[in-house]
Amino acid sequence: MTDLILNNGATLPELGLGVFQSAPEETAAAVAEALRVGYRHIDTAAAYRNEREVGEGLRRSGVDRNDVFVETKVWVSDYGYDETLHAFEKSTGKLGIDTLDLLTLHQPVPSRFEKTVAAYKALETLLSEGRVRAIGVSNFMPHHLERLLEETEIVPAVNQVELHPYFSQRDVREANAKHGVLTQAWSPIGGITFYPGWGDGKRSVLQDPTIGEIAAAHGKSPAQVMLRWGIQQRRSVIPKSTNPARIAENFDVFDFELSTDDLARIDALDTGVRGGPDPDERRDAFFDVVIDEA
Ligand code: A2P
């Protein structure tokens, strides 16, 4: 595994564990298991309501906190300058750590962009104070990114977006690259296309015949092929699993290489249809979803 270098010189291990939709009671064990098999990067969010358990897994693993890249996100109900500074305290308190390696805004709120900007300015303050090593955004489309860049000082280090073979976000990747923002893929094996309540449940990338053929040719699994596709395109990937065998499988991707032809065949699978929510379709009611202190 290699480190990706962010635009401020900080480094980020290319493969990390995602914990979106990891039940709190399973999260600590998943994090400890991932760290045991070699992961050194965990991505969570206040809105996942499992930061406390991520912290517990980190401590349980015995791995030095300084050897792990810990990333979390500010939820929209905490946007605004003072609110976001407070959200940092809440998240680090739950995680049981003093500093974060990466803190991002969970998503743009187009209808109240001024609050999104104020929240980002709080991230800039936290960065200048050394409380976070890098700051970024999540789920920003190119026009959100352009607007943020116009109204703030520090270019985000990372933009974390839904990205898997069925929704590969070329426009977002190009906008990120143009501004030196690293693209980070959430749902890199397409879990969002079959999570209950999301996607249509009918088009799991894991069952895609092209991915299956490429996987068979390399003696690897479909999930491993998709992770390799991301890594070879210099993306950060954060597959979610709470299953020990799959946590290990997803980390076992450093002993094979996809060919240019393999990569092109996977690129061609893009449907342009996202599994998750459209960042531009946010309603003000989203501000009412408050992340409690518990
Ligand atoms: P589980 O936690 O039971 O392993 P994504 O990160 O792309 O959203 O994918 C996460 C989903 O894919 C979860 O439902 C997870 O379930 C499942 N998953 C994770 N790793 C694998 C794998 N290697 N093979 C098949 N399914 C996987």
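Each Cβ is built from the backbone N, Cα and C atoms, and glycine gets one as well.
TrEMBL annotations: computationally assigned, not manually curated.
According to TrEMBL, the feature domain 'NADP-dependent oxidoreductase' maps to 21-270. For TYR48, the entry in TrEMBL reads active site, proton donor. The feature site 'Lowers pKa of active site Tyr' is assigned by TrEMBL to LYS73. Per TrEMBL, substrate binding site is recorded for HIS106.
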Restricting to the domain 'NADP-dependent oxidoreductase' (21-270), report the mean pLDDT as a whole number.
95
Using all protein chains in view, find how many other C-beta atoms are within 10 Å of the C-beta of HIS106 (substrate binding site).
24
